[in-house]
Amino acid sequence: MIKRSNTIEPPYSLLAELTHRCPLHCPYCSNPLEMALQESELSTEEWHRVLSEAADLGVVEVHFSGGEPLLRDDLENLIRHADSLEMYTNLITSGIGLTTEKAIRLRKAGLANVQISFQAADSKLSDIIGGYKAFEKKKEAVKSVKIAEMHLSLNVVLHQMNIDHLDEIIKLAEEMGAERLELANTQYYNWALLNRERLLPNKEQIERATEIYNEAKARLEKKMEIIWVIPDYYASTPKPCMGGWGAIGLTVAPDGVALPCPTAGMIKALSFENIRYSSLKSIWYDSAAFNRFRGDEWMPEPCLSCDLRHEDGGGCRCQAYALTGDAYATDPACRWAPKHHLIEEAIQETKSKSLIPISSQLIYRKYLSDKPKALKK
Ligand code: SF4
Ligand code: FES
């Protein structure tokens, strides 16, 4: 249930995006198209302040993310600081650079959970999708997490190129001893929206995958938690994105910009404050951008008179903006949205196209002039 604006609760979680640098080039990356430069990244001292202010504000869990957070030399230091503030710590990583020695050091610093992304269940497809020879390194990283006795989650973004291999992906997670598997159907903003034609599965693929997920969830109930992020292009009503705008958690981008969700920076009509100049507390409670879509007063029709408005909050603001250019619009994923035809047209296009992936037609995520190196054309 989405919270009302007159009851702003403290944030529960912080997504600390330490850097946009990353060795992988995933074509569905949720990072912005224009990434924060290394020179603009927050310093160790600035991150300490963010973490301390977050703890004071009531945040109980921190997700260190990126880009690839292992590229920050001070990661261990930051984890130690978060742990000293009694916050639960999670590392969201590609796994590249996570040696056993490093994993043990991070564990000693207080790291509780590691979430490693996988692109597919085999190296050939995985390396094509990520634009980097990463698969075997990721398997080594999983072993390191196990040796260091940390909790292990896997995250797999699902799309046209890998969704038909869902049973193999689930088997891989089982074999690796993951306690949690997040099956995240692609959300189409930023890089994923650029690649939507190549990534959006068709209806039959989604139906088959949903069956496999339901069967696995029941079968593995006691062994592995499986999370299913809904394929909202095929849902009749939108997702309650982020549990509501500025309701549960916040993101701090590498350059210090504080956001109600990781992709909100794309909404150019809003001005987001930077923790270099404002406290986290004033940003959370008082900033215009965080208050903009709290509650339901801002909603247009049909949301304003819809019984579901406190369930989904009118859908995702980033998706509304990305597809219509208007962040106030009803999320087009909703069947009642005036611009729902935008979703229907995208689905229609998948029916007339081949599902065979052609890697050269993917637009790979790029950090500045960075190019995918491992791809063989
Ligand atoms: Fe949600 Fe608005 Fe659609 Fe109702 S009309 S289901 S509130 S997006
Ligand atoms: Fe930003 Fe949904 S991703 S509100």
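Including glycine, each Cβ sits where the backbone N, Cα and C put it.
Annotated features in TrEMBL:
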- 8-222: domain 'Radical SAM core' (DOMAIN)
- Cys22, Cys26, Cys29: [4Fe-4S] cluster binding site (BINDING)
Query raised in the report: When a 10 Å sphere is centred on the Cβ of Cys29 ([4Fe-4S] cluster binding site), how many other Cβ atoms does it contain?
Result: 25
**Report entry** DSSP state at Cys29 ([4Fe-4S] cluster binding site), helix/strand/coil
**Finding:** coil
Report summary line: So Cys26 ([4Fe-4S] cluster binding site), by the Cβ count within 10 Å over all chains shown, scores 23
Query raised in the report: Including all protein chains shown, what's the count of other C-beta atoms within 10 A of the C-beta of Cys22 ([4Fe-4S] cluster binding site)?
Result: 24
Query raised in the report: Hey, for the [4Fe-4S] cluster site built from Cys22, Cys26, Cys29, who else sits with CB inside 8 A of the CB center?
Result: Leu24, His25, Tyr28, Asn31, Gly67, Ser94, Gly130, Trp191, Arg365
Query raised in the report: Where does Cys22 ([4Fe-4S] cluster binding site) sit by DSSP, helix, strand or coil?
Result: coil
